[in-house]
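Below you'll find the structure, written out as structure tokens, and then a few comments.
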Amino acid sequence: MASEVAALAAVSAAATVALSYARLATSRLAPGIPRLAALLPVLLLLPFLPFAFSSIHLRTISAFFLVWLCAFKLLLLAAGHGPLHPSLPLPRFAALFAALVSARCYRARLPAWAVPAFDGAHVYLMLELFLASAAALARALLGAELEPQFDRPYLASSLRDFWGRRWNLMVPGVLRPCVYRPVRARLGPAAGLLAAFLVSGVMHEVMFYYITLEAGTGEVAAFFALHGACAVAERWCAGRRGGGMWRLPRPVATALTLAFVTGTGSWLFFAPVIRSGLDKAIVAECEGMLAFLERAGRNPAAAARLV
């Protein structure tokens, strides 16, 4: 625990210095090659910072913010787009997340079809908790609002609704200006949509590398490539038939969407996680953190000495 606190302090200090430099550099240079050249040291530094953590959760969350979101935002800044702006609710699912972790012992007893739903709920609640907590911290310390993360993804009625309007909205928030719009302007909306999914797949493979510290298998990228192709087909069919094909009763459309996301997720997204035993390591780390917080609640002085 002490080493992780020290790593958190070091990474926070390094990121603060790097981004302060980025702010100064962009304020004095015009968008384009000069600004990109000035930001290059920061862009090269950010991918190394998450390796300071041994904790899977801290390494993954820091990689998501620094290597994905921050790097894409800096690229937009280099091109003269931005600024980094947003708005977000307070954490809502901490208790439910704790209950889900506590229920981990029952996962082995679940039928095979229910395991992906359980794992998907864990991912959703983990992201909701960490991202909303980060937003609350930014609001308290900096007076800044971060972008919203989720909008009830369990109510999605199509793949485009799920990925574009409801799931982890920080990601489409950077993929739209970085990938979708430039490709759409040159090759059309379908190509822009597919390109955004392909880049998301590549970046998820990068995130998995930070989690496992091993080369990816390509299954996660294939998951997003499949969903991109299906989203393009969905868009084409809806446009060709005036949207009538997709005007199913909303509960039916939602059930079909979630079944497709869960089924393909079990096949391609969660398969490498379960195969490597990473799911057990992640939940064990969560259980350790919950146990630490429980001990801290009973004996704050002893917990402070452990830190």
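Including glycine, each Cβ sits where the backbone N, Cα and C put it.
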81-99, 214-232, 252-270 - the one TrEMBL records as transmembrane segment: 252-270
DSSP residue counts for the domain 'Wax synthase' (147-225), split into helix, strand and coil: 60 helix, 0 strand, 19 coil
Contact set, same chain, for the transmembrane segment (60-80): CB under 8 Å, 6 or more residues outside the stretch: 11, 15, 19, 22, 26, 30-32, 35-36, 39, 42-43, 46-47, 49-50, 53, 130, 134, 170-171, 174-175, 177-178, 203, 206-207, 210-211
Predicted model, mean pLDDT over the domain 'Wax synthase' (147-225): 88
For the transmembrane segment (190-211), sequence-distant contacts whose Cβ falls under 8 Å of one of its Cβ atoms, 6 or more beyond its ends: 50-51, 56, 59-60, 63-64, 67-68, 163, 171-172, 175-176, 178-184, 218, 220-225, 227-229, 231-232, 235-236, 272, 278
